[in-house]
Amino acid sequence: MVLNPHKLGVHKLLKHIPLNAIFDAPSKARLRKAVNIADLRLCAKQRAHKMVFDYLDAGADDEISLRRAKDAYSELEMHFHILSGLKPPLDLSTKIFGQDVKLPFFGCPTAGNRMFHWEGETAAARAAKHHGTLYGLSSLATTGITEIGKLTDGPKVFQLYVWKDRELVKEVLSKAKEGGFHAMALTVDFTWYGNRERDIRNEFTIPPKYTFTQVVEAIKKPAWTYDFLSHDEYSYACINKDVPADSLAAFVNSQIAPEFDWKDAEWLLGEWNMPSAVKGVCRPDDAKRAVETGFTTMWVSNHGARQLETSPATIDVLPSIREAVGPDVEIILDGGVQRGTDICKALALGADAVGVGKPYLYGLAAGGTEGVIKAYDILKVELDRAMGLLGTGTVDDLKKRGPGLIKRRHSSARDYPDRYAYERGYGGGVI
């Protein structure tokens, strides 16, 4: 039998020994030098436990959709106007779910943020508040709805899975309303759990098992390990605090309802009666039906390429979904976004707002609140520059003129290599 340090109360002792700053000093130095999201990814990889980093970084099966999601943006050229009379900074403000925001992008709701850094969801909420943008909380978060509600009074969306237990659904929706959440997003592409082979190879569990391999990997990453050992063991705070983290997989498998259908969605919307998104749309016909069902927002997503392998790149299907629902239905897009230019292209091709997942989680894993704020800073500066050079001074201007500014070109292998291309099969070099 392997002893669990948290069960032994080791965290209660270590929290009084402030060694975090010492262990985190190299991570903070790397974070200060990061100039783009690819740099943040490398910072996260150097700080986080291998199992944790691979969980964040991976896609399903052979990760074809993961590669395509990023590469699709390289096939889109930006045909810019000149002498537009613009100067920085531009006005990046817009509305998401009817709420005023200062940025047209935000951090997607993602599960278990405290596995990446002890600050977890609070870091992402503080970064959203700092930048005046939307915050998204997952129903598999490791920080509670009430705590997030107290932390920020800004615009918030609560993400919900297709649970079997309707009383559980009613309970979390009631808490979300009480916590000041302005919108609900129903995730519909998670009815089966994706085949994430990096997790299988790493024997991924939450929290980690204390096997020889996991202990060795933990020793290699002292900053992450001391964070983990010196703070309370986390649970999934929005659904059932009595469910220990290591029972999450069994709980999800027992509670997810693969048979959830459009009639169930109608019932859910009746319980919520506020702005609502269907998250996981990639077909125009489904988007039309979602509008007819009563959803106010289409969220174009393939779950970060972590579910159905060879699902399409979301930027590729975005124009057809915009055409299907018309100009007045709100569309959010996520998937493959690594640059401010990617956000610019998505807004130009029909999105009203863009969600980012991996970019801000890389920042979180690299340095908590400071890292998430830096991720937003990077994307904000890149987006401002792209819009200015393109000749569009506001988000509304970009959306109105966008289709004539973005054109597809034939792809080339030269389009894709970047700082971690060797890990994706390009070049074969060593960085």
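Using N, Cα and C of the backbone, Cβ positions are placed for all residues, glycine too.
Summarising the annotation, TrEMBL assigns active site, proton acceptor to His303. Annotation for His303 (active site, proton acceptor): same-chain Cβ neighbours under 8 Å, separated by at least 6 residues, are Thr187, Asp189, Phe190, Gly194, Gly280.
Taking Cβ-Cβ distances under 8 Å and a sequence separation of 6 or more, the neighbours of Tyr161 (glyoxylate binding site) in its chain are Ser139, Leu140, Thr187, Phe190, Val252, Gln255, Ile256. As annotated by TrEMBL, glyoxylate binding site applies to Tyr55, Tyr161, Arg196, His303, Arg306.
Under the heading FMN binding site, TrEMBL lists Pro109, Thr110, Ala111, Ser138, Gln159, Thr187, Lys279, Ser301.
The feature domain 'FMN hydroxy acid dehydrogenase' is assigned by TrEMBL to 29-408.
Considering only the binding-site residues Tyr55, Arg196, Arg306, Gln159 (FMN binding site) has Arg306 as its nearest partner by CA-CA distance. Mean predicted confidence for the domain 'FMN hydroxy acid dehydrogenase' (29-408): the pLDDT average there is 93. Residues Cys108, Gly136, Ser139, Ala185 surround the recorded FMN site, their Cβ atoms falling within 8 Å of the Cβ centroid of Pro109, Thr110, Ala111, Ser138, Gln159, Thr187, Lys279, Ser301, which are themselves excluded.
Residue pairs drawn from Pro109, Thr110, Ala111, Ser138, Gln159, Thr187, Lys279, Ser301, the listed FMN binders, are separated by up to 16 Å at the Cα level.
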